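Asker: Marked as ubiquitin cross-link by Swiss-Prot: K115. What Swiss-Prot records for A2 is N,N,N-trimethylalanine, and it gives experimental evidence as the kind of evidence. According to Swiss-Prot, the N6-acetyllysine annotation covers K5, K41. Here Swiss-Prot flags 1-27 as region 'Disordered'.
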Amino acid sequence: MAPKKAPAAAEKKVKKAPTTEKKNKKKRSETFAIYIFKVLKQVHPDVGISKKAMNIMNSFINDSFERIALESSKLVRFNKRRTLSSREVQTAVKLLLPGELARHAISEGTKAVTKFSSSTN
């Protein structure tokens, strides 16, 4: 026996009225994980990193960034200027990082800014 067909009225689907509710989207959190991993592979190609260690490194970089930004903004306000320049960032790095580490950070930062400037022109 063939299955019986339902009446035509029963086949129509009931459409719901559009609602103003939005779906909860997963909020993306931006991390430095890919950059940490790239540097790790440059320095030690055969070494891996755990999620916990990656989270610690990410927190360290975020903290360092915040400290440098805060110190730079203080220097701008102290000098009664309105524009944050590379000079204030370099001075903040000198104040926050000890000796050789500060010199190395400044040279790497200068190199990165030069590379960026030449690529945008």
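Any Cβ shown, glycine's included, is placed from N, Cα and C.
Source: prediction; values computed, not measured.
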Asker: In the structure shown, which of the recorded positions K41, K115 has the fewest Cβ neighbours within 10 Å?
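Answerer: The recorded positions K41, K115 were compared, and K115 has the fewest Cβ atoms within 10 Å.
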Asker: If H, G and I count as helix, E and B as strand, and all else as coil, what does DSSP give for K41 (N6-acetyllysine)?
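Answerer: Once the DSSP labels are grouped into three classes, K41 (N6-acetyllysine) ends up as helix.
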Asker: Roughly how many Å separate the Cα of K41 (N6-acetyllysine) from that of K115 (ubiquitin cross-link), to the nearest whole number?
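Answerer: Between the alpha carbons of K41 (N6-acetyllysine) and K115 (ubiquitin cross-link) there are 22 Å.
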Asker: For K115 (ubiquitin cross-link), which DSSP three-state class applies?
Answerer: helix
